[in-house]
Amino acid sequence: MAHNHSNEDGSIGTSLHGVTAREQVFSFSVQEDVPSSQAVRTNDPTAKFALPVDSEHRAKVFKPLSFAKPHMRAFHLGWISFFTCFISTFAAAPLVPVIRDNLDLTKTDIGNAGVASVSGAIFSRLAMGAVCDLLGARYGTAFSLMLTAPAVFSMSFVADAGSYLAVRFMIGFCLATFVSCQYWTSVMFTGKIIGLVNGCAGGWGDMGGGVTQLLMPMVFHVIKLTGATPFTAWRFAFFIPGILQIVMGILVLTLGQDLPDGNLSTLQKSGQVSKDKFSKVFWFAVKNYRTWILFMLYGFSMGVELTINNVISGYFYDRFNLTLHTAGIIAASFGMANFFARPFGGYASDVAARLFGMRGRLWILWILQTVGALFCIWLGRASSLPIAILAMMLFSMGTQAACGALFGVAPFVSRRSLGLISGLTGAGGNFGSGVTQLLFFSSSRFSTAEGLSLMGVMAVVCSLPVAFIHFPQWGSMFLRPSQDGEKSKEEHYYGAEWTEEEKSLGLHEGSIKFAENSRSERGRKAMLADIPTPETGSPAHV
């Protein structure tokens with residue numbers, strides 16, 4: 001049925017296609033007003049999308065309460081999958097006081113298992129980056145969920161320290177879903193809001209580390225009420241996260257979509273998307289020095305957070321003589337802060353970019369990461385329970401916001417190797433966690449309190465390299481963009497990832513579109529300077 005459009009129906013950008021603008025919505029938008037005279041045409045290729053999109057068909061509006069396909073559905077499938085994997089990976093942490101008595105674990109055994117739980121994901125996240133670039137985020141997410149589910153079920157059958165460590169190592173592989181989650185949102189949403197979207201997806205997924213601190217003791221208690229002994233109840237409790245992973249894997253395969261225009265394999269067969277070579281994707285990821293700085297930065301933001309998920313419950317339980325339930329609630333509040341802290345970091349990055357460009361994003365990243373690390377030092381030195389809780393909450397907000405701000409920068413490092421760079425950055429988080437747990441929490445050399453303070457000092461020092469991240473087209477914290485007319489263009493930076501032969505085949509066109517949509521990273525002042533001055537100096541009078 002045809003509809004008559006009028007001015008009162010709303011203009012493009014204020015409503016969905018074919019829907020009036022009268023509905024109340026909750027959204028974050030960067031779309032500029034478009035004159036109402038520009039009517040929607042039936043041959044508009046973007047008309048099939050529920051949200052306004054850019055030239056790459058990436059959404060320019062973020063509506064967290066919507067499940068519209070493909071953009072918002074990919075967002076929700078991505079973060080819930082990651083959330084589920086976080087629950088599984090850290091499900092053992094709040095039950096350690098019971099598990100250690102059942103398996104006769106020493107402090108060293110517990111520390112090594114904590115390292116193992118995050119070490120496996122170093123390799124799986126690297127692999128996931130390549131999988132996303134070559135096969136798409138949908139397959140990567142689903143395979144990670146379903147292939148690691150048997151390991152979660154296996155936790156019910158461990159009999160000694162060795163099997164406990166091995167199973168936690170294998171479960172940790174599922175944390176690779178973080179990479180597919182961030183990749184998925186990066187290809188679905190435009191750069192102007194990518195900090196907020198990635199912050200919400202990553203933060204809400206990380207929240208699983210807090211939820212599991214409440215969920216697993218609760219499930220354990222419920223199973224005990226049925227008549228099971230404590231040493232049996234904790235084993236049955238692991239069936240819950242295992243089942244959740246299988247369910248999410250099926251949902252991702254059946255409901256998900258790789259890219260705004262369809263699944264990657266379908267688009268490659270039709271010739272709409274070129275099939276890339278792994279060697280090329282790998283080379284442009286590892287040779288970019290910015291990748292390795294992000295690797296280190298994430299190692300001491302997300303890495304610190306992963307370490308805290310493994311030690312914080314036991315720290316409050318032992319240091320302040322709390323019950324298992326009370327220690328779990330306090331520990332959960334650390335992870336639950338992700339609900340707003342990480343999105344705040346991403347949003348702050350987006351706002352800084354609108355005002356100051358990429359340089360603003362880098363400053364926000366350094367400030368948040370340094371502040372979070374300082375509060376980590378304070379947490380280790382806190383001598384009373386209220387002060388320790390306050391320090392922990394401030395520390396969690398700073399560190400988690402830094403994670404959000406970092407993934408406001410990461411999508412701009414490379415267009416061709418986006419997945420692999422996301423994988424390397426994510427692997428940095430697990431590497432940093434493994435290092436900090438090995439150095440400070442896996443032996444009797446330091447108390448847990450001393451380990452927390454030393455970890456904070458290390459995080460402060462490792463936040464300094466952000467000053468060396470320089471984009472020729474946008475500059476860095478202290479240096480301006482390149483004065484070279486050619487190098488100062490976004491098209492030159494992203495086009496350099498393609499050979500002349502590849503360009504002649506048109507394989508670089510996606511990167512050029514991305515470059516055009518990334519000009520907002522110049523900042524408001526630079527954008528205004530690029531607007532040509534009208535030939536007539538006086539405005540028309542109306």
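In case you wondered, yes, glycine gets a Cβ from its N, Cα and C as well.
These come from Swiss-Prot:
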- Thr533: phosphothreonine (MOD_RES)
- Ser538: phosphoserine (MOD_RES)
- 516-542: region 'Disordered' (REGION)
- 79-99: transmembrane segment (TRANSMEM)
- 115-135: transmembrane segment (TRANSMEM)
- 139-159: transmembrane segment (TRANSMEM)
- 169-189: transmembrane segment (TRANSMEM)
- 193-213: transmembrane segment (TRANSMEM)
- 236-256: transmembrane segment (TRANSMEM)
- 292-312: transmembrane segment (TRANSMEM)
- 320-340: transmembrane segment (TRANSMEM)
- 362-382: transmembrane segment (TRANSMEM)
- 387-407: transmembrane segment (TRANSMEM)
- 421-441: transmembrane segment (TRANSMEM)
- 451-471: transmembrane segment (TRANSMEM)
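Contact between the transmembrane segment (421-441) and the transmembrane segment (236-256) is not supported: fewer than 3 Cβ pairs lie under 8 Å, counting only residues 6 or more apart in sequence.
Using the rule of three or more Cβ pairs under 8 Å, pairs at least 6 apart in sequence, the transmembrane segment (451-471) is in contact with the transmembrane segment (362-382). Listed by sequence, the residues of this chain that lie at least six past the ends of the transmembrane segment (320-340) yet keep a Cβ under 8 A from its Cβ atoms are 86, 93-94, 97-98, 202-214, 217, 221, 308-309, 312-314, 385, 388-389, 392-393, 396-397, 400.
At the 8 Å Cβ threshold, with sequence separation of at least 6, the transmembrane segment (139-159) lacks contact with the transmembrane segment (193-213), having fewer than 3 such pairs. With Cβ pairs under 8 Å as the measure, the transmembrane segment (79-99) is packed most heavily against 169-189, out of 115-135, 169-189, 362-382. Put simply, of 115-135, 292-312, 362-382, the stretch with the most CB pairs closer than 8 A to the transmembrane segment (169-189) is 115-135. Here the transmembrane segment (292-312) has Cβ contacts under 8 Å with residues 90, 93, 114, 117-118, 206, 209, 330-331, 334-335, 365, 369, 372-373, 376, 392, 396, 399-400, 402-403, 406, 409-410, 413, 421, 424-437, 441, 448, 451, 455, 458-459, 462-463, 465-466, 468-469 of the same chain, all six or more residues outside its ends.
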